[in-house]
Amino acid sequence: MDTYFSSEITRETALLVGVSATPELPRALVEDYLDELAFLADTAGADVVARIVQERKVKDPAWFIGKGKVDEMSHIVEGGQIDLVIFDDDLTPVQARNLEKAFDCKVLDRTELILQIFAIRAKSSQAKMQVELAQLEYLLPRLTRLWTHLSKQKGGIGTKGPGETQIETDRRLVRNRISLLKKKLKDLSLQHATQTKDRADIARVALVGYTNAGKSTLMNRLCPSAGAYAEDRLFATLDTKTRRLELRINKVVLLSDTVGFIRKLPHHLVECFRSTLDEVLQADFLLHIIDVSHPGFEEQMIVVRKTLEEIGVRHDNIIDVFNKVDALDDAEKLRGLREHYPEALFVSATRGLNLNALKEAISDYVGRQYHERHIRTHVSNYKLIGYIYQHAEVLDKGYEDEDVILTYRAHTRNLKHIDARIRAFENSESHVA
Ligand SMILES: Nc1nc2c(ncn2[C@@H]2O[C@H](COP(=O)(O)OP(=O)(O)OP(=O)(O)O)[C@@H](O)[C@H]2O)c(=O)[nH]1
Ligand SMILES: [Mg+2]
């Protein structure tokens, strides 16, 4: 896929198109969606000079919008020297091609725009590979459909023209590249899994949320050495970053910053970022960061929950953190929200407001995952004793006769293993007896 634009080169002018279908999808909501699309376009390097919303229930298979609207827009595009037209909804390859011909300029849909931004933003080799994989997977069925379309034009099924040979070759190349990227990414995630295995006894917390909610800013505030990239642009973060966070009572947790979510996040991207998002899946709990100053924050919360569901994250381990309270000038609204979300925390990452309460909430949550146990065993059972020392924090040690008595504290994850060891040991003992 070509790179249509990048933030480094001259900015382009764009026209945005949305379709409303009252009452399910009222015009006002589509206007909000176009605000977000404009933010995406801006992040990608385009200035929005015009926007159009058409009320239409049934999408035209050839044009997506109505043909009359297409003709009307062609004049706007021509007169306004517009470089590209961006649709908020996904277009079929046929619709995109027809529209490109009619407007005589580039036409993008929302998925392509998001893929473009990810391509521009990706910094690490892993993120670059994940984005390339998503782009190729997006492209592959389009090559196929393009070929089907061409074959029909050339005289129907079974026509073996040079076009087919070329497209077959392209498809093979794309498939080969896809397999190679998948293999490389799998190797990388295996490597990563080995590196993180040793951290099993430390509780893990992940920051999740809508793009631009302030996750990286909060990470930098809580762990000043994190140096996470934060900016007033969408998808500032594409790489998962993990840092140690010192807490007052429960010592240390590992805090991870992750890629932000967005309405209609392309499915390919979710799939390709799955290995990075596994970090989220494995966390003991999640901090859901919400930009409370955004007018559509409640819909954003739903989008995040749905995306988490899509990647298989359980819902009971989430703390809602309403960020950017400093940007809320309506005290009444804040009071209402506190009542409505009694469990949530209200913070400001930039101003550092209420972050101690947030740390305490993390401590509490983490504390609930650790349990204290006692064991009395003969001193000669040094293997079992050694295992406990390795996988738990020994709080107290005493001796009685020839037995050692240990009081230890371990994470639920480790307790399962310790208990299994003890059971296995007791069974072998009774066997011997
Ligand atoms: N007013 C205000 N702005 C904030 C606050 N926290 C973050 N921001 C701003 O919000 C913008 C986005 O912040 P980031 O930390 O990059 O957001 P993110 O959630 O990491 O975004 P992605 O990486 O794109 O998913 C930046 O311009 C921050 O300065 C806050 O508490 N108050
Ligand atoms: Mg970020």
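Every residue, even glycine, has its Cβ placed from backbone N, Cα and C.
As annotated by TrEMBL, domain 'Hflx-type G' applies to 203-370.
For 209-216, 235-239, 257-260, 323-326, 348-350, the entry in TrEMBL reads GTP binding site. Counting every protein chain shown, the number of other Cβ atoms lying within 10 Å of the Cβ of K215 (GTP binding site) is 30.
Taken from TrEMBL, the feature Mg(2+) binding site covers S216, T237. Taking all protein chains in view, 22 other C-beta atoms sit within 10 angstroms of the C-beta of T237 (Mg(2+) binding site).
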Neighbours of T237 (Mg(2+) binding site) among the binding-site residues G209, N212, K215, V259, K324, S348 (Cα to Cα, within 10 Å): N212, K215, V259
Sequence-ordered binding-site residues from N212, T237, D239, K324 with Cβ under 6 Å of an atom of ligand 1: N212, T237, K324
Number of Cβ atoms other than its own within 10 Å, given for K324 (GTP binding site): 24
Inter-residue Cα distance where the pair is S216 (Mg(2+) binding site) and D239 (GTP binding site), in Å: 11
